[in-house]
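Undergrad: Structure incoming, see below.
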Amino acid sequence: MVRPSCTIEIFILLNVDIHYPFPPRSPEKFSTRPPRATDMSLYTLPIRPTYPIITCRVSPATAPTVASPPPPPSLLPPATSATAVPSLTCALQCPHFESCSGCTHEFNLHRPVIVDEASNFFKGLGVSDFTFDSCRLWGWRCRAKLAVRGSSENPLIGLYQEGTHNVVDIPQCKAHHPNINAAVELLRKGVRELNIEPYDEDQGTGDLRYVQMAVTTHNTALPAVERYRNGRVQVALVWNSRNEKSSNSDKLNALANFLWRNGGSRSKLHLIHSVWANFQTSTNNIIFGNRWRHLLGERDFWEHVGGIDISLDPSSFGQANTRAFDNLLRKLHKYVPFGASVADLYAGAGVIGLSLAATKKCRSVKCIEINKESKPSFEKTVDRLPKSIEGSISWHNADTSIDPLSWLVGSDVIVIDPPRKGLDTTLIDALRTISSHKVKPSLKGSSSNIKEEKRPWVLRERERAKEASVQVGRETISEDPQSLPETLIYISCGWESFKEDCKSLLNSKSWQLEKAHGFNFFPGTQSIEVLAVFKRSLKKKKTGKKKKKQG
């Protein structure tokens, strides 16, 4: 007897307490009330579904003698076509879908429609082996910035509704790491009990404006397989005051103490890694102000990606999907030769550059980043690098749009990881025309024949970057100041801007596209992360044949 390829099983569970040995894939979905203090357990959750739970299992064409249980959906390999895995197997099943602006589609989380567009785009450019990697589909988000609105009796903690500034409460978000949802519920309870006033945008009043939740899964005291589900949450409270001495500082300290007392290291839960405060009084849409303060818990926040331990302060940029980012870094390593000289642009805390320094024994690595707040994280990460690294590593607080050629020359490999808007105009112009920059043979004590810079504002920027830089290991004397990069690795989180930049680079004839890979950084959306590898086009020397003399 031939079975259908897809079997739908519907379970209705009512008033049942289920105890899991580890957090289920989506425990928060079924909660219909905020947890009481006695419920505060990561792994024991009261489950009272108000709607059916739908699961879809792949069945073989013929029935096996003994049926074996299917793997969890999040462990299924990525499908190569839309029909390879039934859509419900990779369905979002989130109660906040459509009201929340975070996710845009419910089905086929493992392979969004945009993957087919990307595959066709690269095929049209001569790259027929485009790949797409997908890993965890639920509970993948380890970093979330959430607005806090409403009232102290009924706080709304979530995202803005599409096109508005109306906050949608998302206590059961399926994208969030489950411990982010648990920390949000603890915060909600603290807001209610302590009468904390959420921010009112119209009046500019209230206490708590936003909260950033970041999960660290770096806990070497646990077996590797248990670290992800036992991640602890760094809570950053964005407070509506100028500093910790403002009139509402007592409420801030009370809320921080509440979180730590009920979720800190001495609590039964031990959910909270640390509590920070950011002070912001601006009326614009910028989330964070410039002033930070560590309140309680561990000061240093560590994660392990790309083969190294990285430190991230709450003010530093960090990838939301750490597992997918780790996959991308390991793929990127394949395209950087051992002993190369690397320039990492839009570097943040230097995670990409430092992972290359450690794994590829780079001759030199330069990390260039405009956000000065990333410097302490870079320095802490460097302190944990293997002692065997002998190359030059440096971090520069500089704007890559100013005199970008100075960062490109002298490197073998350029890595660029720009924001969603894509590359700055001056940088892409420098990349487009890079092959036209002639260099003289390297001579001792000589410098590049690029026109000597005389513009005062550029010289001031260079001097400022030099003063703000960090140098580790040998000085950068190992670089050839005459060389031009031969490999460009472009990491993109903005598909539309990447297409424009890619076409611009290829139209210049300075670069050729060699490889392209996609990564499912944001399941539930039509956004993908792209890793594209370009090789510089080397001009062939003209070899005209001499004409034979007649006669």
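Just so you know, glycine gets a Cβ as well, placed from its N, Cα and C.
Reproduced below are the annotations present in TrEMBL:
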{"type": "BINDING", "residues": "Gln319, Tyr346, Glu369, Asp417", "note": "S-adenosyl-L-methionine binding site"}
{"type": "DOMAIN", "residues": "328-420", "note": "domain 'Methyltransferase small'"}
{"type": "ACT_SITE", "residues": "Cys493", "note": "active site, nucleophile"}
Undergrad: Which residues, sitting 6 or more apart from the residue listed as 'active site, nucleophile' on the same chain, put a CB under 8 Å from its CB?
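TA: Correct list: Pro419, Arg420, Phe521, Ser527, Glu529.
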Undergrad: Please identify, from the binding-site residues Glu369, Asp417, the residue with the sparsest Cβ neighbourhood, meaning fewest other Cβ atoms within 10 angstroms.
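TA: Selected from the binding-site residues Glu369, Asp417 on minimum Cβ neighbours within 10 Å: Asp417.
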Undergrad: Per DSSP, what is the helix/strand/coil residue tally across the domain 'Methyltransferase small' (328-420)?
TA: 31 helix, 21 strand, 41 coil
Undergrad: Average pLDDT across the domain 'Methyltransferase small' (328-420)?
TA: 94
Undergrad: In sequence order, which same-chain residues at least six apart have a C-beta under 8 angstroms from Tyr346 (S-adenosyl-L-methionine binding site)?
TA: Ile368, Glu369, Ile370, Thr400, Ile416, Asp417, Pro418, Pro419
Undergrad: Taking the mean position of the Cβ atoms of Gln319, Tyr346, Glu369, Asp417 as the S-adenosyl-L-methionine site, which residues outside that list, in the same chain, have a Cβ no more than 8 Å away, listed in sequence order?
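TA: Leaving out the recorded residues gives Phe317, Asp344, Ala347, Gly348, Val351, Ile352, Pro418, Ile491.
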